[in-house]
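*Asks:* Heads up, here are the entries from Swiss-Prot:
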BINDING   Cys44, Cys47, Cys51, Cys79  [4Fe-4S] cluster binding site
BINDING   Lys81, Gln148, Asn173, Cys177, 210-217, 241-245, Met371, Gln375, Asn481, 507-508, Lys530, Asp557, 717-726, Asn801, Lys818  Mo-bis(molybdopterin guanine dinucleotide) binding site
BINDING   Phe793  substrate binding site
DOMAIN    37-93  domain '4Fe-4S Mo/W bis-MGD-type'
SIGNAL    1-32  signal peptide
Amino acid sequence: MELSRRDFMKANAAVAAAAAAGIVLPVKNVQADDSGIKWDKAPCRFCGTGCSVLVGTKDGRVVATQGDPDAEVNRGLNCIKGYFLSKIMYGADRVQTPLLRMKDGKFHKEGDFTPVSWDQAFSIMAEKVKATLKAKGGNAVGMFSSGQTTIFEGYAKVKLWKAGLRSNTIDPNARHCMASAAVAFLRTFGMDEPMGCYNDIEKTDGFVLWGSNMAEMHPILWSRISDRRLSDNNVKVVVMSTFEHRSFELADTPIIFKPHSDLAILNYIANYIIQNDKVNWDFVNKHTKFKRGETDIGYGLRPEHPLQKAAKNVKNAGKMHDSSFEEFKKIVEPYTLEKAHEISGVPKHQLEALAKMYADPAQKLVSFWTMGFNQHTRGVWVNHMIYNVHLLTGKISTPGCGPFSLTGQPSACGTAREVGTFVHRLPADMVVMNPKHVEICEKAWKLPKGTIPTVPGYAAVMQSRMLKDGKLNFLWQMCTNNMQGGPNINEEIFPGWRNPENFIVVSDPYPSVSAVAADLILPTCMWVEKEGAYGNAERRTQFWYQQVKGPAQSKSDLWQIVEFAKYFKAEEVWNEELMAQMPEYRGKTLYEILYLNGEVDKYQVPTNIPGYLNDEADDFGFYIQKGLFEEYAQFGRGHGHDLADFETYHQARGLRWPVVDGKETLWRYREGFDPYVKAGEDFRFYGYPDGKAIILGVPYESPAESPDEEYDLWLSTGRVLEHWHTGTMTRRVPELHRSFPNNLVWMHPSDAKKRGLRHGDKVKVITRRGEMISHLDTRGRNKCPEGLIFTTFFDAGQLANKLTLDATDPISGETDFKKCAAKVVKA
């Protein structure tokens with residue numbers, strides 16, 4: 001078979017991706033025979049990069065995937081996980097039917113999982129929800145979902161939970177990974193999400209990675225960074241982390257810093273900029289304002305924890321006070337080169353070189369960060385601090401210059417943040433605490449005034465605590481695996497799930513750790529078994545069509561949400577005051593009120609697409625995905641969140657919002673790029689009425705838990721290239737599982753020697769919360785400094801999150817998975 005140049009490049013890219021993971025691909029797989037295969041586009045199911053792939057189907061199955069050569073994001077490339085996308089749906093243990101714990105023919109908390117019908121499943125769910133609402137009110141009924149559900153599913157969830165069941169206890173697992181970034185974006189700019197785009201990679205002169213192993217977690221973007229670095233010797237890469245990983249292989253300046261000390265480093269950089277007269281005064285005076293944050297704000301622990309009791313400003317953690325440049329200068333002034341070195345352990349010459357990069361007006365610079373930055377008990381502060389240095393120098397909203405928060409899930413932006421599936425949010429950056437925002441939603445959704453509660457519900461970690469304490473009694477977990485992925489499993493998560501007062505539902509395609517701990521498992525369609533839409537890290541919205549059917553009785557998350565709404569009549573969940581405003585809703589179901597409202601149900605299924613599949617539209621009798629999207633899109637149009645029309649996204653490889661007059665926006669807030677910035681304004685941060693971004697003064701504060709005499713090591717957790725999050729999908733791909741079958745604990749050889757341990761030894765990692773048996777690695781891809789160990793959480797056989805501390809950022813509620821105290825002994 002002859003290969004074109006494009007085919008040859010794609011084939012070699014596949015081999016390179018496999019080699020990075022230690023996988024040898026059979027020669028026949030490099031350019032497989034595609035006769036009889038139908039190809040269509042879809043965004044990748046894994047990280048937030050938003051790669052587009054071509055999905056090959058034959059005889060009702062996905063048989064192959066390949067990088068989409070027409071996609072701007074990945075340009076025909078796949079990482080190793082993307083290469084094996086075709087296998088994620090075909091694990092031998094797919095859940096085929098709803099499974100309810102039963103004993104003697106009825107539900108029993110300690111019963112065995114027994115097949116039931118969808119009607120039986122929804123009936124007992126509705127019974128539990130109605131009883132809980134009657135006894136304790138809306139916030140005792142919760143949903144925990146993710147940035148992996150589609151935009152349509154997220155929007156349907158928000159409507160059912162916040163409007164239908166009148167509960168704001170709905171949160172995504174993005175609370176564990178992106179909440180601090182989102183909160184800091186909103187506080188700094190008045191709007192969420194990055195102002196730049198991936199085009200910055202090819203236009204910048206320098207990259208600084210803060211707590212981000214892009215080589216393994218965002219490998220396609222890393223390939224673009226590598227190409228930029230290797231094509232121009234003037235381009236520099238700085239990689240900053242608490243341990244050495246694969247991204248260090250490209251670093252011109254590799255920096256290892258002590259956990260939590262990024263706060264001190266960033267304040268030093270701000271101080272350096274000021275002391276060396278490198279402030280861009282024209283930009284700062286025109287486009288910024290100064291605020292001061294509260295200090296001593298606690299650690300998001302239970303109120304009775306000594307650290308919480310000792311903190312002075314727990315209740316005002318998020319408060320910002322008007323300030324000035326002079327006050328900001330005083331806040332950062334103590335962070336000298338000497339002090340930053342003392343706190344961080346970073347050599348002075350490296351700190352100074354880093355500060356000079358940010359300060360040099362001729363140096364274009366992009367800052368990238370992910371979980372090492374966000375999963376932090378001062379995550380909001382540290383996000384503010386990175387914005388501070390970009391704002392002080394004016395290196396923002398400009399090609400090749402900007403702060404860029406990367407996401408870890410395919411639609412953490414599109415579904416969790418933009419749609420508003422957080423406890424406090426509504427679509428398009430609106431919030432439940434703002435009466436005007438609530439009024440806008442109630443009017444658009446044709447609801448009685450006062451339907452949507454105005455107080456946030458229980459966020460992720462609080463959901464676990466409230467389940468344990470008996471204040472949250474119904475939880476529906478969808479498209480995530482918190483029993484493995486959440487913090488402090490033994491003490492805070494498992495007790496609540498098995499609390500006999502509570503009823504736990506898990507929608508999942510596989511029997512995950514969460515699923516087997518639940519009371520009811522609902523079999524769920526995956527990826528291209530449904531029509532969907534994702535929003536990636538650069539504000540790019542991407543659509544795909546359903547391409548195959550799900551197995552047996554599997555149903556999409558969208559179908560489950562909307563169908564479940566049929567089990568509630570308005571008067572069963574709304575009070576008489578609401579019913580009196582709209583008596584015509586009496587006797588109607590939430591399905592009729594929320595989804596047969598003349599908006600969601602007004603589009604017919606297309607008849608001009610050969611082989612078109614849409615199981616949800618077939619069941620409901622209308623094009624529900626289009627109806628949901630067009631209703632949702634109205635909230636952002638004209639307000640800086642403009643989305644294109646539905647059909648456009650099916651034709652394109654995604655568009656970056658705001659999309660105005662058919663044109664996407666690459667750089668927000670900048671004249672000439674953003675249609676919301678008028679001629680002559682240069683920059684305008686229009687999330688705030690005055691168009692100014694906030695520079696926030698906050699100090700370094702110590703972490704919630706540090707090593708001591710007994711627990712003498714830092715423990716940090718994260719991921720590896722081959723597996724994604726809790727491994728529910730990737731561990732069912734034989735090639736990925738074989739390449740990295742089990743979790744390891746990485747340790748410095750000197751630390752191992754002190755403990756009488758050697759590479760490969762079976763060890764026990766112990767913290768104040770739990771212990772885990774694993775094997776030691778002192779030679780592998782991750783090289784820890786003395787005093788720190790690193791492990792991953794993909795392995796259901798080890799459950800690393802038995803070890804982690806459930807401390808959170810007090811402002812965002814995001815969990816700090818990156819630092820707690822541990823000890824290691826031979827097992």
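Sequential numbering from 1, following the chain as shown.
Cβ from N, Cα, C; glycine included.
Quick caveat, the model's predicted, so the values are computed rather than measured.
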*Asks:* List the other residues in this chain whose Cβ sits within 8 Å of the Cβ centroid of the [4Fe-4S] cluster site residues Cys44, Cys47, Cys51, Cys79, in sequence order.
*Replies:* Phe46, Thr49, Gly50, Asn74, Asn78, Lys81, Gly82, His218, Pro219, Ile220
*Asks:* Measuring Cα to Cα, how many angstrom lie between Gly211 (Mo-bis(molybdopterin guanine dinucleotide) binding site) and Phe793 (substrate binding site)?
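*Replies:* Spelling it out, the Cα of Gly211 (Mo-bis(molybdopterin guanine dinucleotide) binding site) and the Cα of Phe793 (substrate binding site) are 17 Å apart.
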*Asks:* Using DSSP, tally how many residues of the domain '4Fe-4S Mo/W bis-MGD-type' (37-93) sit in helix, strand and coil.
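*Replies:* Helix (H, G, I), strand (E, B), coil: 7 helix, 20 strand, 30 coil.
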*Asks:* Nearest of the binding-site residues to Cys79 ([4Fe-4S] cluster binding site) by CA-CA distance, picking from Glu216, Gly718, Phe793, Lys818?
*Replies:* Glu216
*Asks:* Would you mind checking how many other C-beta atoms are within 10 angstroms of the C-beta on Ser507 (Mo-bis(molybdopterin guanine dinucleotide) binding site)?
*Replies:* 27
*Asks:* When the Cα of Glu216 (Mo-bis(molybdopterin guanine dinucleotide) binding site) is compared with the Cα of each of the binding-site residues Cys44, Cys47, Cys51, Phe793, which one is closest?
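*Replies:* In terms of Cα distance, Glu216 (Mo-bis(molybdopterin guanine dinucleotide) binding site) lies closest to Cys47.
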*Asks:* Taking just the CA atoms, what is the gap between Glu244 (Mo-bis(molybdopterin guanine dinucleotide) binding site) and the residue listed as 'substrate binding site' in Å?
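*Replies:* Between the Cα atoms of Glu244 (Mo-bis(molybdopterin guanine dinucleotide) binding site) and the residue listed as 'substrate binding site', the distance comes to 18 Å.
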*Asks:* Between the Cα atoms of Lys81 (Mo-bis(molybdopterin guanine dinucleotide) binding site) and Cys44 ([4Fe-4S] cluster binding site), what distance do you get, rounded to the nearest Å?
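*Replies:* Each residue's Cα considered, Lys81 (Mo-bis(molybdopterin guanine dinucleotide) binding site) and Cys44 ([4Fe-4S] cluster binding site) end up 9 Å apart.
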*Asks:* About how far apart, in whole Å, are the alpha carbons (Cα) of Cys47 ([4Fe-4S] cluster binding site) and His723 (Mo-bis(molybdopterin guanine dinucleotide) binding site)?
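*Replies:* About 11 Å separates the two Cα atoms.
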*Asks:* Nearest to Gly718 (Mo-bis(molybdopterin guanine dinucleotide) binding site) by Cα, among Cys44, Cys51, Phe793 (binding-site residues)?
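*Replies:* Minimum Cα distance from Gly718 (Mo-bis(molybdopterin guanine dinucleotide) binding site) across Cys44, Cys51, Phe793 lands on Phe793.
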*Asks:* Looking only at C-alpha atoms, tell me how far Cys44 ([4Fe-4S] cluster binding site) is from His723 (Mo-bis(molybdopterin guanine dinucleotide) binding site), rounded to the nearest Å.
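*Replies:* Each residue's Cα considered, Cys44 ([4Fe-4S] cluster binding site) and His723 (Mo-bis(molybdopterin guanine dinucleotide) binding site) end up 14 Å apart.
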